[in-house]
Structure formats: C-alpha cells, structure tokens
C-alpha cells in the first residue's frame, strides 16, 4: 500500500512539473510573438475552435476592432520622420560594390596578361585624363569598382572589361518651364523658375538616376505647387525671395539622397490670366484716381485757406489794398499794352468796398426831395457891384 501511494504521489508530482514547464514555454512564446499579435490571434481563434468539444454549444463570436498604435500617425509626424532620417543619414562616398565571380576574375587576369604582353602599345589605350572639374566612375563587367571616384589626373582601366562615365562637378543651370499653380486665395497663375545645382556624389548619382534634368524639373514643379498652395497672390508677388529659399530647402532635402546639391532656386516670371490682369488693372486705376482726387481736394483746401488769410490781411490795411490795385493795373498794362485801362478813383473803390455799402447792395445817392446842387455853381455878382 505504501509503495502504491508513493508511486501515485510521484506521478502527480511529475504531471504538475510537466504542466508548469508547458505553462512557462507558452509564456515565453507569448512574449516572443507580441510583434505578430494580429496573425497569431487569428490562428489561436482557429485552434481553439477546432479543439472545442462537439457536444458543447458554441458561444456567439464577439467582434472587436484591433488598432495598431504604431501605424497611427499625425499629419506632421510623417514629414518629421523623413527629415530626421535625412539628417541622420551621412552622405556615403559611393555604393557598396559587389564582388566579382570566378569567371570574371579569370577574364580580368587574361586582360592584364594581354596588356603586359603588348605593353608599349596597350598603355596608350589603358590610361585616360580627367580634368579638375570632372570625376570618373568605372564599372568592371557591370560592377561598380570599390573606392572613390577617379580624378583629377590619370586613371587606369581595362579597355575590354571596363566602362567609365565622366561626371561634371561644375554648377549647372536648369530652366523650369511655365506650369500652373493654384494659390491660397484660389487664383490660377503660371510660374517659371530656374534651378542651380551641382553633383556631389558621382557614384550615388549614376546608381540612382537615369535622367537628372527630368527628375529635378518634375521635383521643382511639384514642390512649388505644394508650397505656393499655402500662399496668397499678394505674398507670391511680394515675397519671391523667401519663397525661393523655401523651395531650395525642400529640394535639397530630397536631392541629397541622389548625390545632388541644390545651390539656389529663383522665380523668374509670374504670368496671370487675361481676365485677372484686367481686373487688377481696373482696381489699380481706381486707386490712382482716388489718390488724385484726394490730392486735388487737399490743394483746394490749402488755396482757400491762403486766400482767406490774404483777405483778412488786406481788409485790415487799406494801404495794402491800394498797392494791390496799382499792381494789378501795372500787370494788365504789361500783358496787353494795346488795351487802355481807365482806373476808377480809389475813393470810389473804397466806398464800394465798404461793409455798409456791401450790405445795402448800392451806393447812397442824395434824395430826390432836396434840390441837387450843381457841381460847379455859378458865382453871383455881389449886390455891391
């Protein structure tokens, strides 16, 4: 009996140890498969469905929405991530070349032997000259040779196996043709530009791009459309320098992956539609007319103020009025010498210009009831005579 009890206790202990080891393995497998949670979850559901007993009723399947938090990004996080990747990536000297095969090494060896055998003449075909502003990339049997680009100076290559490509490192100009752009205030215009760039990494350039000018042209057009969509027409016309700088920074962030350095971009011309030009011209003309009217009104106001001040001064000094009257007569005789001017006596002018006469509207003549005395009465003889 004791032996049977001991054996049963040993079996129970073994079963518990095996179950605990299985649980540990499942926990480890669960930790390792966290990255593959979604596909494994579907597989676990299928396995649990298969292992369920036939007699037990199945519970209704619960639907749930699984959201991967890592894939949810904000509107600005993607651009920030791209900029961070570009800043962290260092410019390489060239693409890592792949090694040559056995047959290729045999061909290289045979070519070297042939060059050595025909040394005096073959050397002229194996050496080339590279200018100071050029770099040469050599491909041997289609593989990029390790190391930096060759040049300036002499470089050696195998005529039968090697092909070389020269890359100009000088500043190059690319004219961007007119293309339509929609502004922030929904105006449609045509803009052309010019882009200045240079080749920085010849190996990376030849391995990345087939048509450099087309790639840069399309990139400039799409970048300008994207940036100018956030600016109004007035900003585009007045802030060309800042817009060109923004376009240059955006282009340089992309072309550095191709081994190209964008030095400068400029907006050459802005072409507006005919209807928009007419409306802008009408608006500008109306503004000019309004300014002219304001200036004329201000001039008339200043002239009236001057005349009022002059009238006040002349009314206070009668001698000044007389001098002004004489000056006017002199100017009339000077301008029109054939005209005869008969001046009125100054006393009559002062009488006409007096405030009382202006109020009455006429000169006070003597009344008709009294006899009018003659101006030159005849002297009567004295009674003594």
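Glycine is no exception: its Cβ is also placed from the backbone N, Cα and C atoms.
Taken from Swiss-Prot, the feature compositional bias 'Basic and acidic residues' covers 1-27 (among others).
The region 'Disordered' annotation in Swiss-Prot covers 1-64 (among others).
Summarising the annotation, Swiss-Prot assigns S-palmitoyl cysteine to 103. For residue 103 (S-palmitoyl cysteine), the count of additional Cβ atoms within 10 Å of its Cβ stands at 9 [all protein chains shown]. According to its DSSP assignment, residue 103 (S-palmitoyl cysteine) is helical.
Residues annotated as transmembrane segment in Swiss-Prot: 105-125.
Feature annotation from Swiss-Prot assigns topological domain 'Extracellular' to 126-385.
Feature annotation from Swiss-Prot assigns compositional bias 'Polar residues' to 357-370.
Positions annotated as region 'Disordered' by Swiss-Prot: 357-385 (among others).
Feature annotation from Swiss-Prot assigns compositional bias 'Basic and acidic residues' to 376-385 (among others).
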Mean predicted confidence [pLDDT] for the topological domain 'Extracellular' (126-385): 80
